[in-house]
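If you check TrEMBL, you get these features:
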type	residues	note
DOMAIN	21-279	domain 'G-protein coupled receptors family 1 profile'
TRANSMEM	6-33	transmembrane segment
TRANSMEM	40-62	transmembrane segment
TRANSMEM	82-101	transmembrane segment
TRANSMEM	113-136	transmembrane segment
TRANSMEM	165-186	transmembrane segment
TRANSMEM	223-243	transmembrane segment
TRANSMEM	263-282	transmembrane segment
(Lines of atoms letter the chains of each structure in order from A and count residues from 1; the text may use other names and numbers.)
(Lines give C-alpha, C1' and ligand atoms only; values in the text may rest on other atoms or scores of the structure.)
Protein backbone atom coordinates (compact mmCIF):
# COMPACT_ATOMS: atom_id res chain seq x y z
CA UNK A 1 0.00 0.00 0.00
CA UNK A 2 1.52 3.30 -1.06
CA UNK A 3 0.49 5.31 1.97
CA UNK A 4 1.72 2.70 4.48
CA UNK A 5 5.25 4.17 4.68
CA UNK A 6 4.22 7.59 6.12
CA UNK A 7 1.86 5.79 8.47
CA UNK A 8 4.73 3.52 9.53
CA UNK A 9 6.96 6.53 10.24
CA UNK A 10 4.24 8.13 12.38
CA UNK A 11 3.69 4.82 14.17
CA UNK A 12 7.42 4.42 14.82
CA UNK A 13 7.74 7.94 16.26
CA UNK A 14 4.62 7.49 18.40
CA UNK A 15 5.78 4.11 19.72
CA UNK A 16 9.23 5.49 20.58
CA UNK A 17 7.78 8.48 22.43
CA UNK A 18 5.28 6.31 24.34
CA UNK A 19 8.01 3.92 25.48
CA UNK A 20 10.55 6.61 26.39
CA UNK A 21 8.19 8.92 28.30
CA UNK A 22 6.44 6.12 30.19
CA UNK A 23 9.72 4.45 31.17
CA UNK A 24 10.93 7.80 32.51
CA UNK A 25 7.74 8.30 34.55
CA UNK A 26 7.86 4.68 35.75
CA UNK A 27 11.40 5.16 37.09
CA UNK A 28 10.32 8.36 38.84
CA UNK A 29 7.30 6.66 40.40
CA UNK A 30 9.44 3.69 41.51
CA UNK A 31 11.75 6.08 43.34
CA UNK A 32 8.74 7.77 44.94
CA UNK A 33 7.35 4.41 46.08
CA UNK A 34 10.74 3.63 47.62
CA UNK A 35 10.56 6.93 49.53
CA UNK A 36 6.87 7.12 50.48
CA UNK A 37 5.48 3.59 50.10
CA UNK A 38 2.12 4.87 48.83
CA UNK A 39 -0.57 2.54 47.49
CA UNK A 40 -1.89 5.13 45.04
CA UNK A 41 1.56 5.38 43.46
CA UNK A 42 1.37 1.66 42.64
CA UNK A 43 -1.62 2.37 40.40
CA UNK A 44 0.29 5.19 38.72
CA UNK A 45 3.21 2.81 38.15
CA UNK A 46 0.84 0.23 36.70
CA UNK A 47 -0.51 2.84 34.27
CA UNK A 48 3.03 3.63 33.09
CA UNK A 49 3.76 -0.09 32.66
CA UNK A 50 0.54 -0.66 30.68
CA UNK A 51 1.26 2.30 28.41
CA UNK A 52 4.86 1.13 27.91
CA UNK A 53 3.63 -2.33 26.87
CA UNK A 54 1.24 -0.69 24.43
CA UNK A 55 4.17 1.18 22.88
CA UNK A 56 6.12 -2.09 22.63
CA UNK A 57 3.10 -3.84 21.09
CA UNK A 58 2.55 -1.26 18.35
CA UNK A 59 6.29 -1.12 17.62
CA UNK A 60 5.91 -4.68 16.32
CA UNK A 61 3.70 -3.30 13.54
CA UNK A 62 6.26 -0.73 12.40
CA UNK A 63 8.37 -3.16 10.33
CA UNK A 64 5.39 -4.28 8.26
CA UNK A 65 4.30 -0.69 7.62
CA UNK A 66 7.77 0.57 6.66
CA UNK A 67 8.51 -2.24 4.21
CA UNK A 68 7.91 -1.31 0.56
CA UNK A 69 6.09 -3.08 -0.91
CA UNK A 70 4.00 -4.03 2.12
CA UNK A 71 5.20 -7.35 3.51
CA UNK A 72 2.40 -9.91 4.01
CA UNK A 73 1.85 -11.21 7.53
CA UNK A 74 0.24 -14.49 8.54
CA UNK A 75 -3.25 -14.08 9.94
CA UNK A 76 -2.44 -15.93 13.17
CA UNK A 77 0.59 -13.71 13.86
CA UNK A 78 -1.40 -10.58 13.07
CA UNK A 79 -4.23 -11.72 15.35
CA UNK A 80 -1.82 -12.23 18.25
CA UNK A 81 -0.23 -8.83 17.62
CA UNK A 82 -3.58 -7.08 17.67
CA UNK A 83 -4.63 -9.06 20.74
CA UNK A 84 -1.56 -7.80 22.62
CA UNK A 85 -2.24 -4.23 21.45
CA UNK A 86 -5.86 -4.49 22.60
CA UNK A 87 -4.86 -6.05 25.94
CA UNK A 88 -2.36 -3.28 26.68
CA UNK A 89 -4.85 -0.58 25.70
CA UNK A 90 -7.51 -2.22 27.89
CA UNK A 91 -5.05 -2.36 30.81
CA UNK A 92 -4.31 1.34 30.37
CA UNK A 93 -8.00 2.29 30.32
CA UNK A 94 -8.84 0.05 33.27
CA UNK A 95 -5.94 1.50 35.27
CA UNK A 96 -7.27 5.01 34.65
CA UNK A 97 -10.60 3.76 36.04
CA UNK A 98 -8.79 2.25 39.03
CA UNK A 99 -6.96 5.52 39.72
CA UNK A 100 -10.25 7.42 39.56
CA UNK A 101 -11.85 4.97 41.97
CA UNK A 102 -8.84 5.16 44.30
CA UNK A 103 -9.06 8.97 44.43
CA UNK A 104 -12.82 8.75 44.90
CA UNK A 105 -12.41 6.34 47.79
CA UNK A 106 -9.74 8.54 49.42
CA UNK A 107 -12.13 11.52 49.37
CA UNK A 108 -15.29 9.56 50.19
CA UNK A 109 -13.82 7.54 53.07
CA UNK A 110 -10.72 9.46 54.26
CA UNK A 111 -10.60 7.78 57.68
CA UNK A 112 -11.04 4.22 56.41
CA UNK A 113 -9.09 4.59 53.18
CA UNK A 114 -5.83 3.09 54.45
CA UNK A 115 -7.72 0.16 55.96
CA UNK A 116 -9.63 -0.55 52.76
CA UNK A 117 -6.93 0.12 50.17
CA UNK A 118 -3.98 -1.68 51.73
CA UNK A 119 -1.17 -3.42 49.90
CA UNK A 120 -3.04 -6.71 49.56
CA UNK A 121 -6.12 -5.04 48.10
CA UNK A 122 -4.01 -2.98 45.69
CA UNK A 123 -2.18 -6.10 44.51
CA UNK A 124 -5.47 -7.95 44.02
CA UNK A 125 -6.90 -5.04 42.03
CA UNK A 126 -3.85 -4.85 39.77
CA UNK A 127 -3.76 -8.62 39.25
CA UNK A 128 -7.48 -8.78 38.44
CA UNK A 129 -7.07 -5.79 36.12
CA UNK A 130 -4.44 -7.55 34.00
CA UNK A 131 -6.49 -10.75 33.92
CA UNK A 132 -9.53 -8.89 32.61
CA UNK A 133 -7.37 -6.96 30.13
CA UNK A 134 -5.96 -10.11 28.53
CA UNK A 135 -9.39 -11.70 28.46
CA UNK A 136 -10.64 -8.67 26.53
CA UNK A 137 -7.68 -8.60 24.17
CA UNK A 138 -7.74 -12.29 23.29
CA UNK A 139 -11.54 -12.57 23.21
CA UNK A 140 -11.77 -12.36 19.38
CA UNK A 141 -9.39 -15.30 19.03
CA UNK A 142 -11.90 -17.53 20.80
CA UNK A 143 -15.13 -16.04 19.44
CA UNK A 144 -15.48 -16.53 15.66
CA UNK A 145 -18.14 -13.83 15.31
CA UNK A 146 -15.52 -11.23 16.27
CA UNK A 147 -13.10 -12.38 13.53
CA UNK A 148 -12.93 -11.30 9.91
CA UNK A 149 -13.74 -14.07 7.45
CA UNK A 150 -11.28 -12.85 4.82
CA UNK A 151 -7.66 -11.76 5.22
CA UNK A 152 -5.54 -10.14 2.52
CA UNK A 153 -2.11 -10.32 4.15
CA UNK A 154 -1.74 -6.72 5.37
CA UNK A 155 -1.81 -6.68 9.18
CA UNK A 156 -4.15 -4.13 10.76
CA UNK A 157 -6.80 -4.07 13.47
CA UNK A 158 -9.83 -4.51 11.21
CA UNK A 159 -7.99 -6.92 8.92
CA UNK A 160 -8.42 -9.61 11.61
CA UNK A 161 -11.05 -8.19 14.03
CA UNK A 162 -14.63 -7.49 12.96
CA UNK A 163 -16.23 -4.14 13.90
CA UNK A 164 -18.71 -6.13 16.00
CA UNK A 165 -15.87 -6.52 18.51
CA UNK A 166 -15.62 -2.72 18.78
CA UNK A 167 -19.40 -2.50 19.15
CA UNK A 168 -19.31 -5.00 22.03
CA UNK A 169 -16.44 -3.19 23.74
CA UNK A 170 -18.26 0.12 23.41
CA UNK A 171 -21.60 -1.08 24.78
CA UNK A 172 -20.23 -3.36 27.52
CA UNK A 173 -17.08 -1.50 28.55
CA UNK A 174 -16.46 2.01 27.26
CA UNK A 175 -19.77 3.81 27.73
CA UNK A 176 -20.58 2.22 31.13
CA UNK A 177 -17.05 3.16 32.24
CA UNK A 178 -17.58 6.70 30.99
CA UNK A 179 -20.80 6.99 33.00
CA UNK A 180 -18.96 5.65 36.03
CA UNK A 181 -16.25 8.25 35.49
CA UNK A 182 -18.82 11.02 35.39
CA UNK A 183 -20.42 9.75 38.60
CA UNK A 184 -17.05 9.62 40.38
CA UNK A 185 -16.18 13.12 39.22
CA UNK A 186 -19.51 14.69 40.22
CA UNK A 187 -19.49 13.05 43.64
CA UNK A 188 -15.84 13.99 44.23
CA UNK A 189 -16.58 17.57 43.22
CA UNK A 190 -19.51 17.70 45.64
CA UNK A 191 -17.44 16.29 48.52
CA UNK A 192 -14.53 18.65 47.78
CA UNK A 193 -16.93 21.62 47.77
CA UNK A 194 -18.36 20.54 51.14
CA UNK A 195 -14.84 20.26 52.56
CA UNK A 196 -14.02 23.73 51.25
CA UNK A 197 -17.13 25.20 52.88
CA UNK A 198 -16.25 23.53 56.20
CA UNK A 199 -12.73 24.98 56.03
CA UNK A 200 -14.10 28.47 55.35
CA UNK A 201 -16.48 28.17 58.33
CA UNK A 202 -13.60 27.09 60.55
CA UNK A 203 -11.52 30.02 59.31
CA UNK A 204 -14.33 32.47 60.04
CA UNK A 205 -14.87 30.98 63.50
CA UNK A 206 -11.12 31.16 64.17
CA UNK A 207 -10.97 34.77 63.01
CA UNK A 208 -13.83 35.71 65.33
CA UNK A 209 -12.23 34.10 68.39
CA UNK A 210 -8.65 35.08 67.53
CA UNK A 211 -7.55 31.45 67.26
CA UNK A 212 -5.07 30.19 64.71
CA UNK A 213 -6.46 29.65 61.25
CA UNK A 214 -6.62 26.01 60.12
CA UNK A 215 -4.37 25.16 57.21
CA UNK A 216 -5.95 24.85 53.81
CA UNK A 217 -6.06 21.33 52.36
CA UNK A 218 -6.33 21.59 48.58
CA UNK A 219 -5.63 17.88 48.07
CA UNK A 220 -9.30 17.17 47.37
CA UNK A 221 -9.41 19.65 44.52
CA UNK A 222 -6.09 18.34 43.21
CA UNK A 223 -7.55 14.84 43.09
CA UNK A 224 -10.67 16.13 41.34
CA UNK A 225 -8.53 18.03 38.84
CA UNK A 226 -6.37 15.01 38.08
CA UNK A 227 -9.39 12.75 37.58
CA UNK A 228 -11.04 15.38 35.37
CA UNK A 229 -7.96 15.62 33.13
CA UNK A 230 -7.67 11.82 32.92
CA UNK A 231 -11.36 11.49 32.04
CA UNK A 232 -11.10 14.22 29.43
CA UNK A 233 -8.05 12.75 27.70
CA UNK A 234 -9.50 9.24 27.86
CA UNK A 235 -12.81 10.39 26.36
CA UNK A 236 -11.36 12.58 23.62
CA UNK A 237 -8.85 9.92 22.60
CA UNK A 238 -11.06 6.84 22.31
CA UNK A 239 -14.59 8.14 21.65
CA UNK A 240 -14.06 8.95 17.93
CA UNK A 241 -12.63 5.49 17.23
CA UNK A 242 -15.36 3.61 19.07
CA UNK A 243 -18.25 5.70 17.74
CA UNK A 244 -16.99 5.39 14.16
CA UNK A 245 -16.63 1.65 14.69
CA UNK A 246 -20.28 1.49 15.72
CA UNK A 247 -21.22 3.45 12.60
CA UNK A 248 -19.28 0.91 10.51
CA UNK A 249 -21.31 -1.93 12.03
CA UNK A 250 -24.60 -0.12 11.42
CA UNK A 251 -23.68 0.93 7.87
CA UNK A 252 -22.07 -1.99 6.05
CA UNK A 253 -21.78 0.02 2.84
CA UNK A 254 -19.82 2.79 4.58
CA UNK A 255 -16.18 1.86 4.11
CA UNK A 256 -14.63 3.65 7.09
CA UNK A 257 -11.74 1.28 7.75
CA UNK A 258 -9.08 3.63 6.39
CA UNK A 259 -10.22 6.48 8.65
CA UNK A 260 -10.49 4.12 11.60
CA UNK A 261 -7.08 2.52 11.22
CA UNK A 262 -4.99 5.45 9.97
CA UNK A 263 -6.35 8.32 12.06
CA UNK A 264 -8.79 7.44 14.84
CA UNK A 265 -6.88 4.39 16.06
CA UNK A 266 -3.71 6.49 16.32
CA UNK A 267 -5.68 9.08 18.28
CA UNK A 268 -6.72 6.42 20.78
CA UNK A 269 -3.21 5.00 21.07
CA UNK A 270 -1.94 8.55 21.63
CA UNK A 271 -3.73 8.49 24.98
CA UNK A 272 -0.84 6.37 26.26
CA UNK A 273 1.45 9.31 25.54
CA UNK A 274 -0.88 11.80 27.24
CA UNK A 275 -1.15 9.82 30.49
CA UNK A 276 2.50 10.21 31.61
CA UNK A 277 2.52 13.84 30.47
CA UNK A 278 -0.56 14.49 32.63
CA UNK A 279 1.15 13.04 35.70
CA UNK A 280 4.43 14.78 34.93
CA UNK A 281 2.61 18.12 34.74
CA UNK A 282 -0.25 17.88 37.26
CA UNK A 283 1.26 15.68 39.99
CA UNK A 284 3.76 17.82 41.93
CA UNK A 285 5.49 14.85 43.55
CA UNK A 286 6.14 13.18 40.18
CA UNK A 287 7.25 16.51 38.75
CA UNK A 288 9.65 17.07 41.65
CA UNK A 289 11.09 13.56 41.31
CA UNK A 290 11.67 14.04 37.58
CA UNK A 291 13.41 17.34 38.35
CA UNK A 292 15.70 15.61 40.85
CA UNK A 293 16.49 12.91 38.28
CA UNK A 294 17.41 15.54 35.70
CA UNK A 295 19.65 17.31 38.23
CA UNK A 296 21.33 14.01 39.09
CA UNK A 297 22.00 13.22 35.42
CA UNK A 298 23.29 16.74 34.83
CA UNK A 299 25.58 16.53 37.85
CA UNK A 300 26.95 13.16 36.76
CA UNK A 301 27.52 14.38 33.21
CA UNK A 302 29.34 17.47 34.48
CA UNK A 303 31.55 15.33 36.74
CA UNK A 304 32.45 13.08 33.81
CA UNK A 305 33.38 16.07 31.67
CA UNK A 306 35.58 17.49 34.44
CA UNK A 307 37.27 14.13 34.93
CA UNK A 308 37.94 13.71 31.22
CA UNK A 309 39.27 17.24 30.88
CA UNK A 310 41.55 16.71 33.88
CA UNK A 311 42.98 13.50 32.42
CA UNK A 312 43.19 14.33 28.71
CA UNK A 313 43.29 18.12 28.48
CA UNK A 314 46.64 18.77 30.22
CA UNK A 315 50.04 18.89 28.43
CA UNK A 316 52.67 16.30 29.38
CA UNK A 317 54.84 17.52 32.30
CA UNK A 318 58.05 16.25 33.88
CA UNK A 319 57.52 13.40 36.27
CA UNK A 320 58.58 15.28 39.40
CA UNK A 321 56.10 18.11 38.67
CA UNK A 322 53.32 15.94 37.26
CA UNK A 323 52.68 13.73 40.29
CA UNK A 324 51.84 16.50 42.79
CA UNK A 325 49.59 18.26 40.28
CA UNK A 326 47.75 15.06 39.44
CA UNK A 327 47.38 14.30 43.14
CA UNK A 328 45.95 17.74 43.80
CA UNK A 329 43.59 17.52 40.83
CA UNK A 330 42.23 14.14 41.81
CA UNK A 331 41.85 15.13 45.46
CA UNK A 332 39.91 18.21 44.40
CA UNK A 333 37.66 16.16 42.15
CA UNK A 334 37.04 13.57 44.86
CA UNK A 335 36.28 16.34 47.32
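From the backbone N, Cα and C atoms, a Cβ is placed for every residue, glycine too.
Sequence-distant contacts of the transmembrane segment (263-282), counting only residues of its own chain at least 6 positions beyond either end whose CB sits under 8 Å from a CB of the stretch, comprise 10-11, 14, 17-18, 21-22, 24-25, 44, 47-48, 50-51, 54-55, 58, 89, 92, 96, 157, 222, 225-226, 229-230, 233-234, 237-238, 240-241, 244, 290. When Cβ-Cβ distances below 8 Å are used as the criterion, the transmembrane segment (40-62) is approached by residues 8, 11-12, 14-19, 22-23, 25-26, 29-30, 32-33, 81, 84-85, 88-89, 91-92, 95-96, 98-99, 102-103, 106, 117, 122, 125-126, 129, 133, 155, 269, 272-273, 275-276, 279, 283, 286 of the same chain, each at least six residues removed from its ends. Residues 41-42, 44-45, 48-49, 51-52, 54-56, 58-59, 61-62, 64-66, 262, 266, 269-270, 272-273, 275-277, 279-280, 285-286, 289-290, 293 of the same chain lie 6+ residues outside the transmembrane segment (6-33) yet bring a C-beta within less than 8 angstroms of a C-beta in it. Mean pLDDT across the domain 'G-protein coupled receptors family 1 profile' (21-279) comes to 84 in this model.
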